[in-house]
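Chemist: Shown below is the structure under consideration.
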2 protein chains.
Amino acid sequence: MTDFSQTRALFDLPAGVTYLDGNSLGPLPRATAARVAQTVQDEWGAHLISAWNTCGWMAKPRALGDRIGALIGAEPGHTVIGDTLSIKVFQALAAALKLIPDRRVILSDTGNFPTDLYMAEGLLKLLPEGYELRTVAPEDVASAITEEVAVMMITEVDYRTGRRHDMQALTQLAHDKGALTIWDLAHSAGAFPVHLADCGADFAVGCTYKYLNAGPGAPAFIYVAPKHAAEAEPALAGWLGHKAPFAFDLGYTAGDGIDRMRVGTPPVIQMAALEAALDIWETVDLDALRARSLELADRFIAKVEATTDLALATPRAPRDRGSQVSFRHPEGYAIMQALIARGVIGDFRAPDILRFGITPLYLSETEIDHAAEVLADILATNAWNAPEYKERKAVT
Amino acid sequence: MTDFSQTRALFDLPAGVTYLDGNSLGPLPRATAARVAQTVQDEWGAHLISAWNTCGWMAKPRALGDRIGALIGAEPGHTVIGDTLSIKVFQALAAALKLIPDRRVILSDTGNFPTDLYMAEGLLKLLPEGYELRTVAPEDVASAITEEVAVMMITEVDYRTGRRHDMQALTQLAHDKGALTIWDLAHSAGAFPVHLADCGADFAVGCTYKYLNAGPGAPAFIYVAPKHAAEAEPALAGWLGHKAPFAFDLGYTAGDGIDRMRVGTPPVIQMAALEAALDIWETVDLDALRARSLELADRFIAKVEATTDLALATPRAPRDRGSQVSFRHPEGYAIMQALIARGVIGDFRAPDILRFGITPLYLSETEIDHAAEVLADILATNAWNAPEYKERKAVT
């Protein structure tokens, strides 16, 4: 059983900061700097080119993939890391469409993270005419799964509201209609237990710099279900996905299974940070994490609703949400800037969403209460109504 | 004028090693570990999510792109870093083909690095039927540039032999026939001066972990000539290539110019290593580097030819080679293992190529002579003919 009063010590958080933005960029694990330094100095510096073998760099994308796979309910050997989430979306979608050659519709929803939709748009411009990206409201996804749909590609948890789709039910519905599924787990992996294999998901993708805490620009991951492993065709046919990368054949032969979803040279230094982050995850009971996440989220919702008139944007039912709490306010941008100025870090998403990531590994009741109190004070005193908070800056 | 007797001190090379594999993975610059640690601890650790703005992370792909652009003769504002070279090849090729919609032939050569050919193969499977990847021998490229050719996509320097194409002449030939050019600069950037703008190159791509010394898994770069900047369509339409990434529009609008070749979240920690590596390059006179590279290469060739019967695989004329020297021997693999065992690090490429990267920033005459002497001794004594050298291991 994970003791969440102890896990905070595994992170290096600045004093005076209440960090509720781990759903955007997780904080620095204490072990990461040394692990990265080791890779830079003792591996690259000392072993040079031979480190690809002697330090196991070449094998790491698979090993790290499996460690993530364990967090998302994947069968061992079917997850690999690399590239960015956008690239992994492209890979999954291109492969899925080829598996259903007689259908032409990609179904997604307006709650998807935009880059997923953009990557689909880009892919459609390459493909022969006739393909269509059909984007419906999140609540209409189930009814939009028809026999025209080749692939349902959705993000499980809405990046703005925290609304969570029912993976089991939607995957079943899609399969009933002969469609495949791609699940974007950007806001799921490390947020709560995911059960890819149990749900029968066909493809999944995600990033590791949010709840997983692997650092800015950390590599993404892709999962291909065992039933598709031998047939999924890699559109991004990079040399490290080749069956024999170091034979340097002129023609491409896809590697076995998930290996073919590797593309180019893996980001060794970022992998070191991912490795340190995953060391923490090996000690975490994900069911306990989920229970704790809901406990903290409910506490935050109750406090904020008791002390402000902010409108809850996140579904109230626990099963319908991920691990973030969002509120709406027309002056959300300025309110968030005022919060940040007082050390409570959440973020803002246009047009009116205040987002707060609930991350039990390093958040306690005290901080949840503090965040709610500062928020209430800012609203009660109109402290947000100052020019320095209202002026829009570039946001991330 | 660069003093190459001084630049070696900028690198952290293990004692007893003569490193002739900087054309595969450059060594660790002394400043890199601290720069990486700073990004991990002082930027990510201390600034958390706000570092995207306060530490300038979001702007770095363009800034680093321009610093590389200065090394390859690109106009400022037309180079950006990110992803891997394989991905950048895909982007360049997809964009180039769309610019010449009435042609269907991609011309490449058998001296291209295989991943470039694989990525083209993968792209062709997405595109409507009728496209063709035509791969000719390197010496036949010029005559194969016909009016059928949409895009000539070649690597300037052959990764095995070091043979260098004439960028100026081939670009001109391609343009004369109405074709576009994509130059892969993997073995050019940091190896000798490149003059993209002067040559009128349309697209260029490259990696930064070889001669540029940015570390294992360092990001790649892409250049799009100003004349194509507004028309080149991004097939990998990621959110950071969007005109307004943080507006989170549901539809994609390409960013201005080279910005649209950004895809996903940039690899911040790898960028720190790239930054430290580029600090060195700002002090280097590339014409002096080239002169020094040829001087060391000629010295190596002369010594090896005087003391062994190895067959030179690299063209003899300086204008026809990059910054590596390759020899052929049927037992090349075992010979290279024997060399490595004695601290002389080059590498082997099937079927029979011994490669030696000539990198004046950290190699001197003494080391060139030493490498040649060890090589001669291994051949004279048949020291390579031992089971531990002949047994094939995974190679990189």
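Positions of Cβ are set from backbone N, Cα and C atoms, glycine also.
In TrEMBL, annotation is done automatically, which means it is predicted and not curated.
Under the heading pyridoxal 5'-phosphate binding site, TrEMBL lists A:Leu85, A:Ser86, A:Phe113, A:Pro114, A:Thr115, A:Asp116, A:Thr155, A:Asp184, A:His187, A:Tyr209, A:Trp239, A:Thr265. According to TrEMBL, the N6-(pyridoxal phosphate)lysine annotation covers A:Lys210.
Distances, neighbours, how buried they are, the whole picture for these features please.
Modeler: Every protein chain considered, the tally of other Cβ atoms within 10 Å of the Cβ of A:Trp239 (pyridoxal 5'-phosphate binding site) stands at 25.
Cβ-based neighbour count (10 Å, all protein chains) for A:Lys210 (N6-(pyridoxal phosphate)lysine) stands at 28.
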Chemist: Write out which of the listed recorded positions, namely A:Thr155, A:His187, A:Lys210, lie with a C-beta under 8 A from a C-beta of chain B, sequence order kept, or 'none'.
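Modeler: Listed in sequence order, the recorded positions near chain B come to none.
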Chemist: Excluding near sequence neighbours, so keeping only residues 6 or more apart in the same chain, what lies with its CB under 8 A of A:Thr115 (pyridoxal 5'-phosphate binding site)?
Modeler: A:Leu85, A:Ser86, A:Val89
Chemist: For A:Phe113 (pyridoxal 5'-phosphate binding site), which residues of its chain lie six or more apart in sequence with Cβ-Cβ distance below 8 Å?
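Modeler: Same-chain residues close to A:Phe113 (pyridoxal 5'-phosphate binding site) (Cβ under 8 Å, separated by 6 or more) are A:Thr155, A:Tyr159, A:Asp184, A:Ala186.
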Chemist: Considering all pairs of residues in A:Leu85, A:Ser86, A:Phe113, A:Pro114, A:Thr115, A:Asp116, A:Thr155, A:Asp184, A:His187, A:Tyr209, A:Trp239, A:Thr265, annotated in the record as contacting pyridoxal 5'-phosphate, what is the maximal C-alpha distance expressed in whole angstrom?
Modeler: 30
Chemist: Around the Cβ of A:Thr155 (pyridoxal 5'-phosphate binding site), how many other Cβ atoms lie within 10 Å? Please give the count over every shown protein chain.
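Modeler: The answer is 27 other Cβ atoms.
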Chemist: For the C-alpha pair, I'd like the distance in angstrom between A:Lys210 (N6-(pyridoxal phosphate)lysine) and A:Trp239 (pyridoxal 5'-phosphate binding site), rounded off.
Modeler: 29
Chemist: Is A:Lys210 (N6-(pyridoxal phosphate)lysine) helix, strand or coil when read with DSSP?
Modeler: coil
